[in-house]
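Undergrad: So Swiss-Prot lists the following for this protein:
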{"type": "ACT_SITE", "residues": "D246", "note": "active site, proton acceptor"}
{"type": "BINDING", "residues": "G84, G86, R87, K107, D119, G120, R170, R177, D256", "note": "ATP binding site"}
{"type": "BINDING", "residues": "N247, D256", "note": "Mg(2+) binding site"}
Amino acid sequence: MTLSFITRWRDELPATYTALSPTPLNNARLIWHNTELANTLSIPSSLFKNGAGVWGGETLLPGMSPLAQVYSGHQFGVWAGQLGDGRGILLGEQLLADGTTMDWHLKGAGLTPYSRMGDGRAVLRSTIRESLASEAMHYLGIPTTRALSIVTSDSPVYRETVEPGAMLMRVAPSHLRFGHFEHFYYRREPEKVRQLADFAIRHYWSYLEDDEDKYRLWFSDVVARTASLIAQWQTVGFAHGVMNTDNMSLLGLTLDYGPFGFLDDYEPGFICNHSDHQGRYSFDNQPAVALWNLHRLAQTLSPFVAVDALNEALDSYQQVLLTHYGQRMRQKLGFMTEQKEDNALLNELFSLMARERSDYTRTFRMLSLTEQHSAASPLRDEFIDRAAFDDWFARYRGRLQQDEVSDSERQQLMQSVNPALVLRNWLAQRAIEAAEKGDMTELHRLHEALRNPFSDRDDDYVSRPPDWGKRLEVSCSS
């Protein structure tokens with residue numbers, strides 16, 4: 001089957017990119033590819049059998065027209081000016097059979113005009129982390145970019161140490177970022193901001209294109225998508241680590257996996273990025289940061305969208321966030337209805353977990369085994385203050401009884417939303433260290449496990465992290 005690529009971005013937004021081709025690595029070789037995703041995208045298996053090929057930037061497929069995008073942004077709350085694809089190249093936009101499109105974005109593809117002081121490369125460590133994280137999030141049901149392939153090489157890349165150069169093929173319906181809009185707003189080119197908005201609406205919100213109120217309705221949906229995404233992050237204990245405006249997806253996708261982390265111990269102020277000295281991007285601050293970023297996007301639209309309309313959309317953010325968060329947390333607790341005491345019960349559990357440094361994922365998974373008429377629970381042994389747990393657990397079981405739902409039905413619901421497996425940093429690190437020694441077994445094994453996060457397991461993937469694996473802070477270097 002021949003893949004079809006189109007050039008909408010190149011044709012319709014000429015001010016937003018520089019055309020250039022990838023720079024191949026030395027002795028590049030394909031070490032992993034996503035068979036399930038490749039099948040979804042109707043990619044012939046033969047493309048994965050001919051060396052690095054397109055996956056290593058050595059060849060282009062017919063119809064591809066590679067380019068590096070320019071954008072700007074606020075980083076850690078400070079205007080950073082022009083940024084852009086410093087090591088990534090958009091190879092093309094695949095046209096799928098249903099009429100939708102999928103960007104093919106090659107990360108680590110070499111120098112671009114937007115590399116600034118960088119070398120245009122990515123390292124094996126970071127490409128493995130992004131591949132694992134994006135696929136983990138996908139199978140958790142959270143909107144995200146996807147990973148299609150990883151190529152490693154003999155090219156040395158200099159970070160804190162010398163690491164092997166690598167490339168990741170990332171795919172997504174769009175790589176539109178808040179930073180694209182900021183770039184032209186701060187260059188005082190509002191007509192180009194409007195062109196970006198029109199492009200987004202035409203291709204991703206086409207049902208609004210003929211509406212005279214399209215910009216307000218579109219921005220309201222961007223706000224809602226962002227609020228929903230952040231709510232989902234919070235419910236699974238995901239910390240992004242670097243929520244700069246240039247890392248914010250217009251479509252509400254999780255984008256740019258760098259120093260991310262999933263909670264081990266429940267620590268609301270968890271900081272996964274060792275460069276985040278002020279804790280701006282701490283776990284509990286993510287909802288506020290996302291709203292701040294939306295305000296920056298709204299500012300770029302103010303030349304052609306009424307400020308009152310923008311503010312109305314921004315004002316809806318918190319309610320959308322709380323609605324999505326509340327719905328999912330009630331499911332995680334096994335509540336079939338909404339009762340006034342639900343928030344208090346959840347907050348009391350969080351307080352107890354924070355005091356005891358309880359494991360976030362394991363706590364909710366074990367809670368899924370609760371029998372409403374039995375005071376016995378395997379979760380009890382996870383707490384030192386048994387009296388405090390017993391008091392909370394008795395009230396929790398009383399709340400479950402109000403719903404008049406069988407244990408089996410409720411447990412099934414809870415186990416479908418409380419994962420047994422999340423991508424803990426130590427699991428990723430173990431796969432990385434093996435891969436850097438040439439052994440890809442653990443990389444493939446972990447990828448396969450992450451496809452079924454809600455299935456029961458009895459291996460170390462679902463155990464508490466070892467001492468060395470706790471509080472692994474990660475840098476932005478990739």
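Cβ atoms are placed via backbone N, Cα and C, with glycine included.
What's the neighbourhood like for these features in this structure?
TA: Remark: D246 (active site, proton acceptor) has Y71, S72, G73, H74, Q75, A80, L83, R177, F178, G179, E182 as non-local neighbours, by Cβ distance under 8 Å and separation of at least 6 in sequence.
Around the Cβ of G84 (ATP binding site), 23 further Cβ atoms fall within 10 Å across all displayed protein chains.
Taking all protein chains in view, 21 other C-beta atoms sit within 10 angstroms of the C-beta of N247 (Mg(2+) binding site).
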Undergrad: Measure from the CA atom of N247 (Mg(2+) binding site) to the CA atom of R170 (ATP binding site) and give the result in Å, rounded to a whole number.
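TA: With the alpha carbons as reference points, the distance is 14 Å.
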Undergrad: In the structure shown, which of the binding-site residues R87, R170 has the fewest Cβ neighbours within 10 Å?
TA: R87
Undergrad: Could you give the Cα-Cα distance between G84 (ATP binding site) and N247 (Mg(2+) binding site), in whole Å?
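TA: Cα-Cα, rounded: 11 Å.
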Undergrad: Using Cα coordinates, what distance in whole Å links D119 (ATP binding site) and N247 (Mg(2+) binding site)?
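TA: Here the two Cα atoms lie 20 Å apart.
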Undergrad: Measuring Cα to Cα, how many angstrom lie between N247 (Mg(2+) binding site) and D256 (ATP binding site)?
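TA: About 6 Å separate the Cα atoms of these two residues.
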Undergrad: Highest CB neighbour count within 10 A among the binding-site residues D119, D256?
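TA: Result for the most crowded candidate: D256.
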